[in-house]
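According to Swiss-Prot, the protein has these features:
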{"type": "TOPO_DOM", "residues": "1-678", "note": "topological domain 'Cytoplasmic'"}
{"type": "DOMAIN", "residues": "47-267", "note": "domain 'GB1/RHD3-type G'"}
{"type": "BINDING", "residues": "G57, S58, Q59, S60, T61, G62, K63, S64", "note": "GTP binding site"}
{"type": "COILED", "residues": "447-487", "note": "coiled coil"}
{"type": "TRANSMEM", "residues": "679-699", "note": "transmembrane segment"}
{"type": "TRANSMEM", "residues": "703-723", "note": "transmembrane segment"}
{"type": "TOPO_DOM", "residues": "724-784", "note": "topological domain 'Cytoplasmic'"}
{"type": "REGION", "residues": "764-784", "note": "region 'Disordered'"}
Amino acid sequence: MASTANDRQQLPNGDASTERIQIIDENKTFTPDLTQQIERWGLRDSGFNYNLVAVFGSQSTGKSTLLNRLFGTTFDVMDETRRQQTTKGIWMCRGKDMSVMVMDVEGTDGRERGEDQDFERKSALFSLASSEVLIVNMWEHQVGLYQGANMGLLKTVFEVNLGLFGKKANDGTSGRTLLLFVIRDHIGTTPLANLQATLIQDLNRIWDSLSKPDDLKDRLLSDYFDMAFTTLPHKVLVPDKFEAEVANLRKRFTDKDNEGYLFKPVYHKRIPADGVAFYMENIWEQVQNNKDLDLPTQQELLAQFRCDEISAAALAEFNEQAKPQKRPIEAGRVVENLGNMMRNWRTQALTRYDREASRYHKGVYTRKRTDLIAVIDSTLSPLFLGQLKNLHKSCLVTFKKEILEGLKGDEYDFGTVVQKARTKCEKTFSEGAKEAVVEEGAAGWSWEEEMELLMEEVGAVADQCRKDETKKMINLIERNVKKLISEPVELHLTKPSTDMWDKVMKTFKDTLDKAESTYLAKAKSFNCTEEENTNALASLKRRAWIVLRAKIEEQTSDQSLLGKLRGHFEERFRYDEEGVPRVWKPDDDIDGAFKKAKEETLELVPLYSRIKPTDSSLEFELPSDGSSDDLTNDEFDFASSLTVLSDTKSLDLINKFRKDADAYYVEAKRSTVSSIAQIPYWMYGVLVVLGWNEAMAVLFNPLYFTFLLFALASAYMIIQLGLTGPLLQVTRAVASEVQKQATNKLREVVGQGQAEAVALQPMRAQRQNETEYENANGDDLRQR
């Protein structure tokens, strides 16, 4: 029964392993379904663990029957009663319980194609290029014949496509093909050895007759082909022997320990099972177009095609794994175990590629693997660099936080805090960076440069923190200096003397020396340079001087200094040398005392006007080197700061003091006048004489005397109990309340009178109008 209607046929039992497929139809078209069919056979993932065998020979010689018996295939067989062509084109089927793909090639010398031998030549060449073992099926009586034994076809194939075999390895150890001649209906009259010798002789004759290139003239057929020969009894006449010999022949295909095992590794075309369809299709295309068949090139093309497919599949899976991690990296987050994940993705992709692609052409496989690694790394590299940047930012933030936390306490060593934070930052970054490296030592996976950038920024942050802490420390020392010099300076300026500025400057220098010692002691842990210490000390001196100058300004303001001058003047004018207050008498020398006290006081104004200690060692000078402290450096003139009172201010102060001193002088003069104008003593005698009767009346009147005693006793008790003040306050409060109540009553009375006046005003106006009206009427009557 012909099988040309369908490309794929399945037996009724539905077993996919028994399906057969027409890979090339009678119109010389290659099927696109071979890859799918190989997968249905379960051979797609076999790699090199499969074999491929083909059969060709004359039409109706039982090729399909032989294959079905040998391999358990399901090819259609000829209807012996009709003797017509059964196999058209090339069919393929899997051997039963065998990893063998079997090709059944259309028979040659058939009446259906007649003189058209093009397909015969192309199918034979296709079979030679694809199969490990090529079974040449012939009858015993065809041995020695040229056409019947297909010698003419083999010669044509060898002659036209000599390049196919010439490009194989010169040592003949690779790319070899086994030609298995199966001689059917062997009677036994002619021994197999004789038949074998005849066939070998014919094949060598064909090979020798070929026109070969100069570099292949000495090559023999055995350099490229191995040949094996076997016979089978008549299938119809001796069926039992036929089946027995077929079974023996089958063992040569299945039993690797068999001495005559046919599927030797040297015959394998090294085409992985998943690439067989593509390889065969390209071979057929080359054969169909009558192009020189270059098997190595075809193998490379197949390798490129399959390696690209495998690489694309591995890359697609890799991209699906890597995609979810892009967003957190772009968002600036550090992804935990990113390096381990990337290495796993990369390893999985390469493992998948290696598992399937390593079976193909070594050069292509290696080249495509390199390309795949480059693509994978180009995807992983942004993740790696992003992870480094995020680690950089995270470590820098942590470093700043660690420093700030370490500087919160009262007692801390700045250098230790910075070093501890720096070590932790460096360790965290290096551990994270090393973990993120996909391939250690490979180009594009270095993180040392990013580490250097991080350390530079860490150094900059540490320097800034050191500067801030230095300023903070200087500010603290400045406040301490201000606190320490405030009271002593105020005391020295309040009690002026010729060595006043010596005392002030000594106090200032002692305090400044302590401040500098405090700074240097703390600055050791800051790892400050000599230049930084010099600038800091210069800034500290300026700040301390400004603090001192501010205190002096406070104590020498107009009111404060005028008060000091008045106090100094009063001590010398109002008090004697022993500090006893003076009560001026008319005969005292007020003018002399006033002049002396005034002159001594005015001598203080030049003393206050300029900071100038008598001891030259106590003179203070600011360093002339520049400082970056803007707070103390803005237009600061040290020379002018030594002047406390300008000439104008001194003159104004002197004038104000003279006015105050003159007031004290006038007051002193008035006190002497008041002592002169006191009541004469004789007036007291007059008062006693004139008031004696009234005094006696009070003393001898019981009522008045009792009231007097009560008043005196009450006054005594109030004074003894200290109730004088509270009593006066109560008296004032009562008087104030009485006054308030009286005022309110008076306002009410006045307000009521005004209201009555307003109410009576309309009535008065009406009466006035009536009076005027009556007067007018009276005048009219008198006129009449």
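Note that Cβ sites are derived from N, Cα and C of the backbone, with glycine treated the same way.
Feature map: annotations from Swiss-Prot on the structure.
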| residue | record | Cβ neighbours (10 Å) |
| --- | --- | --- |
| G57 | GTP binding site | 26 |
| S58 | GTP binding site | 20 |
| Q59 | GTP binding site | 19 |
| S60 | GTP binding site | 18 |
| T61 | GTP binding site | 23 |
| G62 | GTP binding site | 22 |
| K63 | GTP binding site | 28 |
| S64 | GTP binding site | 24 |
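Residues of the same chain lying 6 or more positions beyond the ends of the coiled coil (447-487) and with a Cβ under 8 Å from any Cβ of it are 388-389, 391-392, 395-396, 399-400, 403, 407, 414, 418, 422, 425-426, 429-430, 433-434, 436-437, 507-508, 511-512, 514-515, 518-519, 522-523, 526-528, 532, 536, 539-540, 543-544, 547-548, 551. Secondary structure at S64 (GTP binding site), as computed by DSSP, is helix. According to DSSP, G57 (GTP binding site) sits within a strand segment.
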